[in-house]
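**Q** Straight from TrEMBL, here's the annotation block:
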- 1-18: signal peptide (SIGNAL)
- 50-161: domain 'Ig-like' (DOMAIN)
- 168-263: domain 'Link' (DOMAIN)
- CYS214-CYS235: disulfide bond (DISULFID)
- 269-358: domain 'Link' (DOMAIN)
- CYS313-CYS334: disulfide bond (DISULFID)
Amino acid sequence: MLLLPLLLEATLLQLASGSHHPFYNGFYYNHVMNDKGNGHEKVDYFNGAKLVVETPRDPIYSLSGANATLPCRYRFEPHQEGKRKIRIKWSKLRDDYTKEQDVLVAIGKTYMAFGDFRGRAHLRQGGRHEASLVVSDVRLQDDGKYRCEVIDGLEDESDVVDLRLQGVVFPYQPPRGQYRLNFHEAERACREQGALIATFSQLFQAWSEGLDWCNAGWLADGTVHYPIRLPRKPCGGLHLAPGIRSYGPRHRHLHRFDVFCFSSALRGEIFYLERPAGLTLEEAKQACQDAGAEIARVGHLYSAWKFLGLDRCDAGWLADGSVRYPIAKPRANCGPPEPGVRSFGFPSKGRFGVFCYKER
């Protein structure tokens with residue numbers, strides 16, 4: 001807070017001069033030099049009320065393509081009457097709470113949004129002392145922490161809101177095989193599958209919901225982890241409790257692992273195409289195009305399985321050349337007894353159906 005140093009400065013000046021300045025209508029004041037450099041003093045007044053900014057402690061949950069409101073309100077203690085020229089600033093933060101990007105700045109009803117938030121972000125007009133941010137058409141990259149900052153003259157207070165997208169985390173390795181991706185290749189691999197590289201909090205949530213995977217994968221902060229629900233010898237040993245195993249930060253260029261990707265709700269629909277004799281990968285791509293769609297990506301299939309309950313015991317091609325099928329209701333001849341997306345890997349030959357994706 002800027003107010004305390006200013007009050008201390010005012011007190012020291014009073015003591016030095018041997019005089020005592022009275023409070024003036026609830027404001028502190030202090031003699032400071034003006035900007036003209038002529039030796040004359042001007043009087044600056046500082047609000048004696050404390051500015052308080054409040055946001056919810058619990059995360060705000062949303063879905064890809066939906067609208068989300070990040071609540072933020074401010075007040076003065078004691079209460080102040082009359083209008084004030086308040087400046088509101090929203091920023092998106094990294095996990096370490098350092099600023100990642102500007103989102104929006106507003107003074108009164110005038111505001112400006114920045115970057116990817118231009119045209120999608122505005123303040124909610126819910127009455128006095130309202131500073132809540134509304135984000136429309138939520139995107140995968142919107143997931144994260146946001147700082148609501150309220151500026152009243154020289155006083156500046158802020159608080160943080162956590163926006164979390166409901167989604168699904170899936171492990172991914174490329175056709176070349178296990179542990180072939182450095183960090184930058186891992187980021188690109190997730191984007192190519194209609195997803196983003198997962199954060200630790202997203203992986204932790206997936207583990208709490210049952211994700212168990214013994215291969216280590218990159219996360220968004222450059223660390224490498226893998227989630228274990230059932231301890232076993234090849235996955236850290238039997239003596240360790242269930243949890244997220246960590247390799248810590250790794251060299252982003254030299255070290256190679258798999259990757260955990262994150263996808264949210266679909267903006268379109270997935271459907272399955274088949275032919276009596278099956279389809280090669282190239283025939284599958286063409287079949288989807290002929291149907292006015294594109295061949296689905298891995299992230300699309302996981303999202304449809306997670307959010308739409310897609311259940312199909314027939315294997316189908318995906319855009320990366322893998323063959324998979326989603327099972328929401330486990331049954332005989334459809335793989336393990338748990339729900340999930342089954343994989344046949346990346347067959348170089350064979351004829352299968354295909355999963356197609358059509359944007360709404």
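Note that Cβ sites are derived from N, Cα and C of the backbone, with glycine treated the same way.
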**Q** For the C-alpha pair, I'd like the distance in angstrom between CYS214 (disulfide bond) and CYS334 (disulfide bond), rounded off.
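**A** CYS334 (disulfide bond) has its Cα 22 Å from the Cα of CYS214 (disulfide bond).
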**Q** Determine, to the nearest whole angstrom, how far the Cα atom of CYS313 (disulfide bond) is from the Cα atom of CYS235 (disulfide bond).
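**A** With the alpha carbons as reference points, the distance is 29 Å.
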**Q** Please report the number of other Cβ atoms within 10 Å of the Cβ of CYS313 (disulfide bond).
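**A** I get 14 for this one.
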**Q** Helix, strand, coil: count each for the residues of the domain 'Link' (269-358), based on DSSP.
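**A** Each residue of the domain 'Link' (269-358) counted once, the result is 20 helix, 26 strand, 44 coil.
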**Q** Quick check on the domain 'Ig-like' (50-161): DSSP residue counts for helix, strand, coil, in that order please.
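**A** Tallying H, G and I as helix, E and B as strand, the rest coil: 6 helix, 59 strand, 47 coil.
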**Q** If you count other Cβ atoms within 10 Å of each one's Cβ, which of the disulfide-bonded residues CYS214, CYS235, CYS334 has the most?
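**A** Sorting the candidates by Cβ neighbours within 10 Å, the top entry is CYS235.
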**Q** Check the domain 'Link' (269-358) for me and report the mean pLDDT.
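**A** So the average pLDDT across the domain 'Link' (269-358) works out to 97.
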